[in-house]
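*Asks:* Got a structure for you, written out below as structure tokens; questions coming shortly.
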Amino acid sequence: MTASTPHHGTPRGGLSGRTVLVTGATSGIGRAAALAVARQGARVVLVGRDPERLRTVTNEVARTAGPAPDAFRADFAELRQVRDLGERLRDRYPRIDVMASNAGGMFWSRTTTQDGFEATIQVNHLAGFLLARLLRERLAGGRLILTSSDAYTQGRIDPDDLNGDRHRYSAGQAYGTSKQANIMTAAEAARRWPDVLAVSYHPGEVRTRIGRGTVASSYFRFNPFLRSAAKGADTLVWLASAPAEELTTGGYYSDRRLSPVSGPTADAGLAAKLWEAGAAAVGDTAH
């Protein structure tokens, strides 16, 4: 990891007038982050899968902070939709100051997308990785923030087996692997894209819709000991708005503090292999 430089994105004045893209913006952490950055004066760009919830959050942001944000629908379980989203965003915005790659999910049983990938690694990692690559030029001088989790310690990343075909499926391990991939990708992006401040973060255990339709859903939605979505989004919003000189590009953060990683997650050589494997998987090797 290398120290960040002050030209990366946000000055001390906050997010006023900055373009902030939030994926997974229709519920939970993404929704809370969108509302928070809008209150700081950002031009918010929402991305979500469900059109009704997307309209609801669009209206909530407009009521909170004035003008309605831009909203784009895309299902990250289909890479074709992600590519189309990338084209639309490139056409619309000459610059994106912050990309908060937050879309994610948990799948209780093994699910394969129409692209041929295990759904957890595609929705939580590969789709966001592809979108960041498609927006590479728009992110120059800006920030890339990847939502991760301390569940990364349960991950078993293998660049030669992104689908985890060599092991019996475990929802928890698949989720942890996807979050491990995000930490490693932020670190590798910092090495490959020096003009982008790339970081990942752990939001804490948050009351969200994750795991909907599974036995885990009630735990994540109703457990009184879990954090609120607003609290879970706090580090994301801080990473988007803090002075660049206070942050470390490539770093993994928890509760606004740089948090060390170890083992395979800290292996730069493995991260480079993951980057190349991901690029080949999504069919984009230009960056």
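Cβ from N, Cα, C; glycine included.
What Swiss-Prot lists as active site, proton acceptor is Tyr175. As annotated by Swiss-Prot, NADP(+) binding site applies to Gly24, Ala25, Thr26, Ser27, Gly28, Ile29, Gly30. Residues or ranges marked as substrate binding site by Swiss-Prot on the basis of similarity to another entry: Ser149.
Just tell me what is around each of these and how deep it sits.
*Replies:* Long-range C-beta contacts of Tyr175 (active site, proton acceptor), restricted to its own chain and to partners at least six residues apart, with a cutoff below 8 Å, comprise Met106, Thr120, Asn124, Ser149, Ala151, Gln154.
Residue environment of Thr26 (NADP(+) binding site) contains 26 other Cβ atoms, counted within 10 Å of its Cβ in all protein chains.
In the three-state DSSP scheme, Ser149 (substrate binding site) falls into the coil class.
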*Asks:* List, in sequence order, the same-chain residues at least six positions removed whose CB sits under 8 Å from that of Gly24 (NADP(+) binding site)?
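*Replies:* Set apart from Gly24 (NADP(+) binding site) by at least 6 residues yet with Cβ under 8 Å, we have Gly30, Val47, Gly48, Asn102, Ala103, Gly104, Thr147.
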